[in-house]
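The next block holds one structure in the form of structure tokens; read it before the comments.
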Amino acid sequence: MDALQLANSAFAVDMFKQLCEKEPVGNVLFSPICLSTSLSLAQVGAKGDTANEIGQVLHFENVKDVPFGFQTVTSDVNKLSSFYSLKLIKRLYVDKSLNLSTEFISSTKRPYAKELETVDFKDKLEETKGQINNSIKDLTDGHFENILADNSVSNQTKILVVNAAYFVGKWMKKFPESETKECPFRVNKTDTKPVQMMNIEATFCMGNIDSIDCKIIELPFQNKHLSMFILLPKDVEDESTGLEKIEKQLNSEALAQWTNPSTMANAKVKLSIPKFKVEKIIDPKASLENLGLKRIFSEDTSDFSGMSETKGVALSNVIHKVCLEITEDGGDSIEVPGARILQHKDELNADHPFVYIIRHNKTRNIIFFGKFCSP
């Protein structure tokens with residue numbers, strides 16, 4: 001198991017739990033790999049306690065060469081855009097008054113080829129804001145307009161992280177559109193909301209996780225480079241969304257165990273999942289501070305001397321916007337005769353809240369992490 005992948009998973013789980021605390025009954029969605037990449041780039045320019053703090057929060061203790069690790073992951077993940085409607089934008093914008101050191105520029109050039117940009121917040125704020133908004137809009141094929149709200153930057157901004165991630169999935173097996181029906185989605189024990197429910201009968205990898213009374217299923221996207229794992233409680237058992245048990249027991253070891261192929265077996269499954277689109281703009285600053293990332297945001301305590309000789313430089317803001325669309329779309333559903341080994345039919349009906357991850361199977365990195373609680 002790759003040390004960077006373990007580190008990224010641990011950070012993904014920490015961050016997910018933080019966001020769940022903030023949104024106990026709402027939908028949660030973020031892109032851990034985008035956040036990790038941007039913060040790891042900031043770490044290259046940080047020194048002393050600031051660098052150590054980033055390393056601790058991102059669980060880099062056992063990772064030998066962080067920038068090289070991200071270079072490999074980024075180049076692997078970037079190849080996916082030729083198969084999928086997937087865009088992962090991770091930018092670190094630095095004000096030009098910082099006069100970045102040549103050493104910092106050269107050490108980040110290869111591992112973070114497109115991630116670092118020098119801009120002018122100080123003297124040309126409105127123009128710079130417009131440029132960033134337009135560039136993110138272009139890079140996401142027009143999906144994200146005006147990613148920077150009026151108050152997100154000022155002429156005092158020194159370093160800004162902007163993440164924008166969107167994915168419109170195409171399944172390995174297409175859901176027949178004629179089978180999509182409006183059904184009640186149970187947001188808790190007593191209330192329901194209507195949702196368009198997609199249905200298919202096919203062979204999938206599925207398992208039971210008894211410790212959390214849950215089913216898990218792997219749904220591969222076309223070409224199997226990415227998979228969506230759904231963790232679905234057997235029922236809504238608590239007084240909230242039914243996800244309390246999962247959220248409580250979730251840690252990176254548990255997640256690795258739950259998504260391990262040995263937990264699951266091929267089975268013929270009658271599957272029902274909601275058709276949905278979730279768009280979230282999150283402000284991860286408070287969550288990151290709760291996880292121990294405190295110095296980086298304060299001009300009095302942050303140390304970015306590996307990047308610039310300017311004193312009092314801090315990370316001003318982290319903008320993180322994600323959009324995920326799950327539809328019927330996919331390849332032709334052809335059942336392989338050999339896959340009919342298990343004849344008994346399992347059922348997975350996601351008509352109540354569930355946790356999901358979208359994982360890059362080659363590097364096992366989590367691209368998206370979310371919970372779906374309400375249509």
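Heads up, the Cβ atoms here are built off N, Cα and C, so glycines get one too.
Quick caveat, the model's predicted, so the values are computed rather than measured.
Taken from Swiss-Prot as is:
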{"type": "CARBOHYD", "residues": "ASN99", "note": "N-linked glycosylation site"}
{"type": "CARBOHYD", "residues": "ASN133", "note": "N-linked glycosylation site"}
{"type": "CARBOHYD", "residues": "ASN155", "note": "N-linked glycosylation site"}
{"type": "CARBOHYD", "residues": "ASN188", "note": "N-linked glycosylation site"}
{"type": "CARBOHYD", "residues": "ASN361", "note": "N-linked glycosylation site"}
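Mapped onto this structure are the features recorded in Swiss-Prot.
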residue : record                      : Cβ contacts under 8 Å, 6 or more apart
ASN99   : N-linked glycosylation site : SER308, GLU309, THR310
ASN133  : N-linked glycosylation site : GLU145, ASN146, ILE147, LEU148
ASN155  : N-linked glycosylation site : PHE121, LYS122, ASP123, LEU125
ASN188  : N-linked glycosylation site : VAL25, VAL236, GLU239, SER240, THR241, GLY242
ASN361  : N-linked glycosylation site : LYS224, HIS225, LEU226, SER227
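In the three-state DSSP assignment, the secondary structure recorded for ASN99 (N-linked glycosylation site) is coil.
According to its DSSP assignment, ASN133 (N-linked glycosylation site) is helical.
Classification of ASN361 (N-linked glycosylation site) by DSSP places it in coil, neither helical nor stranded.
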